[in-house]
Amino acid sequence: MTSIVFMGTPQFSVPILEALVANDYQILAVVTQPDRKVGRKQVLQQTPVKEAAVRLDLPVFQPEKLSGSPELADVIALQPDLIVTAAYGQFLPTKLLEAAKIAAINVHGSLLPKYRGGAPIQYAVLNGDSEIGITIMHMAKKMDAGDMIEQASIPIEATDDTGSLFDKLSYVGRDLLLKTLPGIIAQTAPRTPQDEVQVTFAYNITKEQEQLDINQPAEQLLNQIRALRPQPGAWLAVNGQRTKIWQATVAETTTDQAAGVVVALNKKDFELAAGNGTVLKITEIQPAGKAKMPVQSYLNGVGKQLAVGQQVVVQDAE
């Protein structure tokens, strides 16, 4: 039986771990991020991978920082045949990668060499890509730079956002890993070096990237909204108030109004002029300090003071 140390953190990783157990791979340990306090009540929450590991009765390690930790030595001492990572969230020390008797493998959420880094799915949506995929790859000291074993792709639908693609890709990754593992174990699987000329990066989303720039075309704004959903959410400064935009469409109409001006307003419509004469039609919104709401509820409450022709969006508000 092939022994594995599995490393992962979010829900994306859970179907992969469950499949390894179901297919009789020996999971020596699961390494995941520490429990974190979340929400206003600061409730201590386990990672989805820890919850799955506990349910599957697997040993769990949760170092705050893996490098130099006592847990690192414990994991290395397990001498696994394979290390399998899927969205773990920390760099792996070289001596850990070298501890795998056969290979250290990563399930990466992009079609490498495109989108190395921690936010490949977000960037694929942000950039309006037509497809996304999974790469099964060997791990290397350099971030996401190892040789590729196999890839699988799926289309990005207009209705997709980062959340839906995370869900879809977790199963694509699961199936592709199960398909490639026999060849990896037999050491007959292909190894294709990445073309460094084609490399792009998808670093973690910054706070600055959460703000929508109303001077951008509506299609780009919509991509940003989808890329930042379900969290952390994209926002506009509406009358100086940070207002999250959760659902929107690109209106069929165009306008000669300046970006940030209200161009349509009634019980069901809240349309803003965006860049290049385009119009963003907002359908779900979250004013500061409030819950998400349909735009109808917003216009009956907080948004009552808005008027057609009014410049309501100001950049760089806090």
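From the backbone N, Cα and C atoms, a Cβ is placed for every residue, glycine too.
What Swiss-Prot annotates here:
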type	residues	note
BINDING	Ser110, Leu111, Leu112, Pro113	(6S)-5,6,7,8-tetrahydrofolate binding site
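Cβ neighbour count for Pro113 ((6S)-5,6,7,8-tetrahydrofolate binding site) (all protein chains, 10 Å cutoff from its Cβ): 19.
Of all the binding-site residues given, namely Leu111, Leu112, the one with the smallest number of surrounding CB atoms inside 10 A is Leu111.
Of all Cβ atoms in the protein chains displayed, 25 besides its own lie within 10 Å of the Cβ of Ser110 ((6S)-5,6,7,8-tetrahydrofolate binding site). For the (6S)-5,6,7,8-tetrahydrofolate site, the Cβ centre of Ser110, Leu111, Leu112, Pro113 serves as reference, and the other residues of the chain with Cβ at most 8 Å from it are His108, Lys114, Tyr115, Arg116, Pro120, Gly133, Thr135, Asp144, Met148, Gln151, Gln194.
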